[in-house]
Amino acid sequence: MKSKALITHLSDGEVHSGESLAAKLGVSRTAVWKQVRKAMEEGVEIQTIRGKGYQLLSSVDLLDADSILSAIAPEYRGDIALQVLDEVGSTNAEVGRRMSSGEASLPITIADCQTAGRGRRGRVWTSPRGENLYLSMGITLQGGFSRLDGLSLVLGVAVANALERLGAQGLGLKWPNDIFVPGGKLGGILVELQGELQEGVVQVIAGFGINVHAQTLGGVDQPWSSLARSYPDVRWRRNDLAGNLITAVQDALDLFSRDGFGAFLEPWQARDIFKGQSVEAKGGGVVGIAAGIDERGNYLVRTGDGTVPVRAGEISLRVVS
Ligand code: BTN
């Protein structure tokens, strides 16, 4: 956003003259006016008060790398290579690029908007500017590919932990890792394998999309909600959210490495939104009662012929009436 500095100055909600803004930004008054117009075109509500100046009417929640870093637990800060972008195609693609260019430490990319946000199963992830959180992390796990089985569920638990710590109550998880509130989907996680397959090391990109302030989301074809809609009494700040999410993911990955997936079975099951409902999987090939997950992260469906484990991946699970 070209007008980020301008909006930072206006974010106190006071009236600022064109002259004082021009001085603070080191530009002409005409340039200030152009930035105001641009910001308004991008959806920021700014009032022009004749003879006095400009005032921000809507509250803005700007991303800021220093604020994100200070919201991350100190023990993790040193390992992280944080990149905060104004706009990107997909933060997952950007982290993939950073990993393949050999960037050291733990690459994390956050963007204010995505122009080609990716969802699971080839879907588009609607990613409007300034509204939500789009965050990707490059994760390296020691161990074989079996480590991947539980990973996406582990990440779902980590997101729920972070959101609950900040004041979200009653969150649910929809297998394998959608974040749900009673109003619908609040967020999703896209886990993509990165690089050449190497024995003993697994590299993945984990992308988190959380609806934060959105009140409308064009093109989304299922019930959805945002933190601001579902928890209007909490003051949601994307920087805090990002810092807490990164910390929760690092905590969860430490526990996963130390104790394996078993440590996540109970926390995942406690938030299972399917449990006890009639469900179908594999395009209707498996129909039965949802019975939670097993120690590998498969979803169990109790059918007339016994319990069938359903693997995460191509197939989805849905409630049938
Ligand atoms: C889903 O379909 O539920 C997963 C959505 C994942 C969206 C996030 S937003 C940040 C990261 N970058 C992407 O392109 N996708 C993920």
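Cβ atoms here come from the backbone N, Cα and C positions, even for glycine.
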Legend entry - Matching range for TrEMBL feature annotation, DNA-binding region, among 18-37, 138-157, 258-277, 298-317: 18-37
Inset, instruction - Just jot down the residues in the same chain as Arg120 (biotin binding site), at least 6 apart in sequence, with C-beta under 8 A of its C-beta; none if empty. - result: Gly188, Leu190
Legend entry - Long-range Cβ environment of Gln114 (biotin binding site), under 8 Å and at least 6 residues apart: Glu87, Val88, Gly89, Ser90, Thr91, Trp125, Ser127, Tyr134
Inset, instruction - Please work out the mean pLDDT for the residues of the DNA-binding region (18-37). - result: 93
Legend entry - Secondary structure at Ser90 (biotin binding site), reduced by DSSP to three states: coil
